[in-house]
Amino acid sequence: MHYYRYSNPEISCWYKYLLFSYNIIFWLAGVAFLAAGLWAWSEKGVLSDLTKVTRLHGFDPVVLVLVVGGVMFVLGFAGCIGALRENICLLKFFCGAIVLIFMLELAVAVLAFLFQDWVRDRFKEFFENNIKSYRDDIDLQNLIDSLQRINHCCGAQGPNDWDLNIYFNCSTESKSREKCGVPFSCCVPDPAQKVVNTQCGYDVRALNKNQWDNSIFTKGCIPALEAWLPRNIYIVAGAFIAISLLQIFGIFLARSLISDIEVVKAGHHF
């Protein structure tokens with residue numbers, strides 16, 4: 001790989017070291033994400049048997065952590081080395097990747113707004129598939145529990161969605177102790193209890209439906225999230241704008257440094 005280094009003062013030190021500082025943060029964050037993801041897989045025994053990844057039918061949150069960490073690591077590395085070594089190839093790779101990610105985010109946001117019913121149906125399918133795999137992966141289990149507990153919801157559209165899971169199914173063939181129940185994260189919290197009762201959802205769906213409100217959340221998580229979004233639209237919009245501005249700032253720094261290097265490089269030919 002060829003790179004160019006110049007002592008010519010026409011190359012802005014501000015752009016160079018701002019871009020380096022910008023990327024070193026993301027590179028370190030990428031390292032942290034990768035380390036956390038690999039540690040989680042190590043704890044679950046995935047690193048010693050990678051076939052466990054393909055055997056999981058639901059969504060493994062660790063995969064998302066590793067993918068995000070990998071992307072941040074590669075882009076941060078390219079940006080850091082490209083800035084320090086004034087390497088146009090690495091800088092163009094970094095700049096192009098950030099532009100691509102930004103355009104994908106924008107496209108996803110627009111399509112999600114235009115095709116809300118389709119997104120709702122896909123999310124429902126996704127949630128139901130992961131309900132089936134609730135007991136198969138501890139990280140997936142914790143993710144669903146957190147989602148239900150924070151949003152005061154149960155299942156995709158309601159508590160009966162837990163019939164999709166073999167442990168909570170109400171069928172007469174089921175021998176599970178959790179039969180016709182729901183996870184503890186569906187339970188209405190009791191302020192008097194300081195210890196979480198993980199058995200609070202046992203047999204609750206065997207009761208009459210008008211008794212459920214006293215024990216568990218009856219709203220599904222999809223309606224709960226649909227109600228949450230309008231109430232927090234400014235927070236969501238603010239987060240999207242902040243991320244977009246960071247990306248635009250990175251693109252600006254990279255393009256400015258590339259322009260400086262190209263100008264200096266052209267000047268050396270004369």
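Just so it is clear, glycine is given a Cβ too, placed from its N, Cα and C backbone atoms.
Those TrEMBL annotations? Automatic predictions, nothing curated.
Summarising the annotation, TrEMBL assigns transmembrane segment to 20-41, 62-84, 90-115, 233-254. Feature annotation from TrEMBL assigns disulfide bond to Cys153-Cys186, Cys154-Cys170.
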>> Counting across all protein chains present, how many other Cβ atoms fall within 10 Å of the Cβ of Cys186 (disulfide bond)?
In response: 28
>> Using a Cβ cut-off under 8 Å, which residues of the same chain at least 6 positions beyond either end of the transmembrane segment (90-115) come close to it?
In response: 23, 71, 75, 78-79, 81-83, 240, 243-244, 247-248, 250-251, 254-255, 257-258, 261
> In Å, rounded, how far does the Cα of Cys153 (disulfide bond) sit from the Cα of Cys170 (disulfide bond)?
Replying inline: 20
>> Say we define neighbours as other CB atoms within 10 Å of the CB. Which of the disulfide-bonded residues Cys153, Cys154, Cys170 has the fewest?
In response: Cys170
> Distance between Cys154 (disulfide bond) and Cys186 (disulfide bond) at the Cα atoms, whole Å?
Replying inline: 5
